[in-house]
Amino acid sequence: GILSIEQLISRVGVIGVTLMALLSGFGAVNCPYTYMSYFLRNVTDADILALERRLLQTMDMIVSKKKRIAVAHRTMFQRGEVHNRPTGFWGMIKSVTTSVPGSENLSLIQQEVDALEELSRQLFLETADLHATKERIEYSKTFQGKYFNFLGYFFSIYCVWKIFMATINIVFDRVGKTDPVTRGIEITVNYLGIQFDVKFWSQHISFILVGIIIVTSIRGLLITLTKFFYAISSSKSSNVIVLLLAQIMGMYFVSSVLLIRMSMPPEYRIIITEVLGEL
């Protein structure tokens, strides 16, 4: 029926799995781009100093032009041009066609100031980006930075492999019968030729792996959503955002349960399938 749990979870799961796919795709691209030294551009102290010098020169030009505008306004006020300015249509024509000796073209100077302020904003953002890149270069030289750099390469290869296998599974309509932990242990034991209780240890390792997946995925979701909500939230929209966060967390949890089935041994996978229905 329409109100059965299978129908409801299947519709919620579509939205939740789509959300998980978007976040996973963003993480798969953002994490290597953030930590791999391959994507870092070479930034030197000379580049930063040159850009900061340009920024200071631009600020000095803005200050000098604003000072010229202020001096021109004061001169006009002292001459009485502000209070005795002609009114009416003919007065406007006269004020445009006639110029006072020594007066400044204030509208042109103001346009130059606006252009310089926009340039200063761009230079400031570029300077901040160079400082952040310089910090990333220094961090990549540390032991932790080298470790994350290695993980970036590893997970990039793993991501390409997952895309390849997922495409094959979709094209040939294949469904995995063995969870990844059990399959990996079986391959390792057969390759090394050692005595190992695969069934016993695969259950415990799968349980630990599922717990890690749940904790890290929900943590990543909360961190991503927190950054997003900080950018768009206000005093009026806070209640709506909290409600939206609760809805997303519910869909995300249901979708995690649906997808985590594939990381569990078959005997435990059947239990979740009986609860959720034949999805």
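Note: Cβ is positioned from N, Cα and C throughout, glycine not excepted.
The annotation domain 'Golgi pH regulator conserved' is assigned in TrEMBL to 4-69. On the 0 to 100 pLDDT scale, the domain 'Golgi pH regulator conserved' (4-69) averages 84 in this prediction.
Among the features that TrEMBL reports, domain 'Abscisic acid G-protein coupled receptor-like' is placed at 139-278.
Sequence annotations record features per position, and here TrEMBL assigns transmembrane segment to 12-35 (among others).
The transmembrane segment annotation in TrEMBL covers 150-172 (among others).
Annotation comment: TrEMBL describes 207-232 (among others) as transmembrane segment.
Residues annotated as transmembrane segment in TrEMBL: 238-260 (among others).
Outside the transmembrane segment (150-172), and at least 6 residues removed from its termini, the chain residues within Cβ reach (under 8 Å) are 28, 31-32, 35-36.
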